[in-house]
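Got a structure here, written out as structure tokens. Questions coming.
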Amino acid sequence: ETVTTNHRRSRTKFTEDQLKILINTFNQKPYPGYATKQKLALEINTEESRIQIWFQNRRARQRFQKRPEADTLESSQSQGQDQPGVEFQSREARRCRTTYSTSQLHTLIKAFVKNPYPGIDSREELAKEIGVPESRVQIWFQNRRSRLLLQRKREPVASLEQEDQDKIPEELQGTEDIQNGTNFSNDSHFSGARMW
């Protein structure tokens, strides 16, 4: 029986020359498209996924540094409108959306249920198994965790709706009151008491 450990990818360390190229590109275009990231990856001899992460981190760092101390909730929700100096050129082409076959999804979901935070070794093994780059597996897990979090936040609302539905007597669920055309199963104000 082997025990898999969750190792993180070792931190990417850019040289001074690589950083100059990245910073220069970032100052011109903080949201580069896929083609630009590919070109940068070739130019500085690294993976495109590492370029993508560097730009994400740089944008987060820039937002954090530009945020004033007395920032209001309203201005933080303006989503980019608080940066009037940043003008975006016409949107550069994005990476094509990765589509997964049923068997690939089955493998990914099975792995997610087992461990929602796989290490680099597990992700590379999964990537090899399903035939996609490791960076796509990493993004799939990030998206899946985010989706799970949203579902868990919505669960209390769904359980309250189910409780309301449970209060309706079985003989009345889905039936309509012929006299006034009311459908009790869809009436959220129905308390469960008989009307006749």
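For all residues, glycine too, the Cβ spot is worked out from N, Cα and C.
Feature list, courtesy of TrEMBL:
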DOMAIN    5-65  domain 'Homeobox'
DNA_BIND  7-66  DNA-binding region
REGION    65-94  region 'Disordered'
COMPBIAS  73-82  compositional bias 'Polar residues'
DOMAIN    91-151  domain 'Homeobox'
DNA_BIND  93-152  DNA-binding region
REGION    155-196  region 'Disordered'
COMPBIAS  176-189  compositional bias 'Polar residues'
If you run through the domain 'Homeobox' (91-151) with DSSP, how many residues end up as helix, strand and coil?
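Helix, strand, coil within the domain 'Homeobox' (91-151): 42 helix, 0 strand, 19 coil.
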Which whole number is the mean pLDDT over the DNA-binding region (7-66)?
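Computed over the DNA-binding region (7-66), the mean pLDDT is 89 on the 0 to 100 scale.
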